[in-house]
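Participant: Below you'll find the structure I mean.
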Amino acid sequence: MNVSEVKSGATRSPKFVQLIFVDINGMPKGMEIPASRLQEAIEDGISFDGSSVPGFQGIEDSDLIFKADPDTYVEVPWDNVARVYGYIYKDGKPYGADPRGVLKRVIEKLAEMGIKAYIGPEPEFYLFKKNGSWELEIPDVGGYFDILTLDKAKDIKREIAEYMPSFGLVPEVLHHEVGKAQHEIDFRYDEALKTADNIISFKYIVKAVAEVHGLYATFMPKPIYGMPGNGMHLHISLWKEGENIFKGEEGLSETALHFIGGLLKHAKALTAITNPTVNSYKRLVPGYEAPVYISWGYKNRSALIRVPAFWGNGARIEYRCPDPSANPYFAFAAILMAGLDGIKHKVEPFAYVEENVYEMDEGKRKELGIDTLPGSLGEALDELEKDKVVREALGEAYKNFIEYKRKEWESYLEYLEAKHLPKDTKRVTEWELERYFFI
C-alpha cells in the first residue's frame, strides 16, 4: 500500500506522523517522523532503541524496527500530526514481546478455524482537578446516570465523543458513573485487534481533552480508597461465516457455554493479565460491583461472567473483572485462548448463580463450587505460572511479562515494609499513585 492509498480518506496534510506501539504495560510509546518518511515506515520500517521501553530489550541487544500498519492511519483533528499503529521486528522477524504482535498471532489462529472475535469494552475513568499533590480534588458530585447540573463534566464527555470518529471510534453511550467525578463512554464493538487499538486511542483522546480543561483523566483501577474503582467490562462474541456462533436456539449456544467454561477454568491465571497492577486488587473487593467470585449467570452483575439479555446476533458474554490498566493486546489474547481451550475440551460452565453472590454465606458458595479470584498481584502471578494455556497465549512475551511484574510486586512489598504498612492493606498508597495514576 502506498502513501496516496493510505491518505485516500484524509482531509488534511499533516507534516508529521506519530508511530505508536505499546510497552509491556500497555502504555503508548512511539516517535514522530516527517510525513515524507511514511512510505519508508510502511515498507522498510523505522529503527529505534528498545532498551528503554519497559519489558522490551536490554542495552546489549536493543535494536528494533517499527513497521507501520497503514490500515490504522488517522489524522489528529486538534494537531498537525497523524498517528499510525504498527508491529515491532527484530533481526527481520516479528518481535516476540510486541503486544500487538501477540494478539495478531492469536487472531491468526482463530482465522485458521474460520472464526472472528468481536469485543466491546466499557472503560471507566475519573476526572480530577490539578492541585500539585496527590490530594485528589473531585470536580463534581454527580452519581450514576446523573445528568444536567450534577454532572459537571457533561460538556467534556461530549467533546471527547465528537473527536472519537476521527480516530475510527463510534461513540454509543455517554454517562456519569457511580463514583463522584467518574465517567464512562462506551464505543461500538469491533474485531479484537481494532478494539485493542481503539482502547489506546480512547485513552489518548480522553487525556488530551481533559488536559485542555485543566483536568487530569485517570484510568487507574482504584484511585481513591472508599470510592468505586475503574473497570473495563468486555463484551465478547465469536463469529463464523457472518453468523454469531454464540447464538443458540434459546439463549447461548454450546460453543458459547464452553467458551464460558474455559474462562472460568482459567480465571485465576487470567487475572494476572486482565488486572495486572498492584492497584487492580484494591478494586476487586466486595461492595463495589467488582467481581470477586468465579461464577457466571444470566443478567447477574454480581457474577464474574454475565450473559446480557440479548439474543440472536446480539448474543454475547460480558467478562467483568478486567480493568483499564490491562494491556488490551495481552488481555484479549489470553481471554480468547482461554475460551478456545474451553471450546476445544468442551468444558462445561460451573458455578452458575441467579442470586447476588456477595450476599451468599460461605457455605452456600462452597456448595455451588464458587471459588475466589486472586487477592493480590502476587497471588495472580502465582496462578499464571501454573497455567500453561494462559502462559502460551502470551508466547515469547510471557518471560518478559512475568519478570517485569514480579519486580513490580517486590518493589511494592519493599515500600510497604519501609512504611510499616500491612501486606494486605486495601488503602491506596502514594507508591501506587506515582506508578499508576497516568495509566
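Cβ atoms are placed via backbone N, Cα and C, with glycine included.
What Swiss-Prot shows for this protein is this:
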{"type": "DOMAIN", "residues": "12-93", "note": "domain 'GS beta-grasp'"}
{"type": "DOMAIN", "residues": "99-439", "note": "domain 'GS catalytic'"}
{"type": "BINDING", "residues": "Glu122, His233, Glu318", "note": "Mg(2+) 1 binding site"}
{"type": "BINDING", "residues": "Glu124, Glu177, Glu184", "note": "Mg(2+) 2 binding site"}
{"type": "BINDING", "residues": "Glu172, His235, Ile236, Ser237, Arg301, Arg306", "note": "ATP binding site"}
{"type": "BINDING", "residues": "Gly229, Arg283, Glu289, Arg301, Arg320", "note": "L-glutamate binding site"}
Participant: Quick check on the domain 'GS beta-grasp' (12-93): DSSP residue counts for helix, strand, coil, in that order please.
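Facilitator: The breakdown for the domain 'GS beta-grasp' (12-93) reads 18 helix, 37 strand, 27 coil.
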Participant: Going by DSSP, is Arg283 (L-glutamate binding site) part of a helix, a strand, or coil?
Facilitator: helix
Participant: With the ATP site defined by the record as Glu172, His235, Ile236, Ser237, Arg301, Arg306, how many Å span the farthest pair of C-alpha atoms?
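Facilitator: It comes out at 21 Å between the most distant Cα atoms.
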Participant: Which of the binding-site residues listed here (Glu124, His233, Ser237, Arg301, Arg306, Glu318) have a Cα atom within 10 Å of the Cα of Glu289 (L-glutamate binding site)?
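Facilitator: Candidates kept after distance check: Arg301.
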Participant: Taking the Cα atoms as reference points, how far is Glu172 (ATP binding site) from Glu184 (Mg(2+) 2 binding site) in Å?
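Facilitator: Given the Cα positions, Glu172 (ATP binding site) is 11 Å from Glu184 (Mg(2+) 2 binding site).
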Participant: Can you check which residues sit near Glu184 (Mg(2+) 2 binding site), meaning Cβ under 8 Å from its Cβ, same chain, 6 or more apart in sequence, and list them in order?
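Facilitator: Sequence-distant Cβ neighbours: Glu122, Pro123, Glu124, Phe125, Val173, Leu174, His175, Glu177.
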Participant: Give me the long-range Cβ neighbours of His235 (ATP binding site): same chain, 6+ apart, Cβ under 8 Å, in sequence order.
Facilitator: Ile119, Gly120, Pro121, Glu122, Tyr189, Pro308, Arg316, Ile317, Glu318
Participant: Across all chains shown, how many C-beta atoms besides its own are within 10 angstroms of the C-beta of Glu318 (Mg(2+) 1 binding site)?
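Facilitator: So the number of other Cβ atoms within 10 Å of Glu318 (Mg(2+) 1 binding site) is 19.
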Participant: Fill in the CA-CA distance, Arg320 (L-glutamate binding site) to His233 (Mg(2+) 1 binding site), as an integer in Å.
Facilitator: 5
Participant: If we check Cα distances from Arg301 (ATP binding site), which of the binding-site residues Gly229, His233, Arg283 wins as closest?
Facilitator: His233
Participant: To see if you understand the setup: which same-chain residues, six or more apart in sequence, place their Cβ under 8 Å from that of Arg283 (L-glutamate binding site)?
Facilitator: Pro221, Lys222, Gly229, Asn230, Gly231, Asn275, Ala290, Asp323
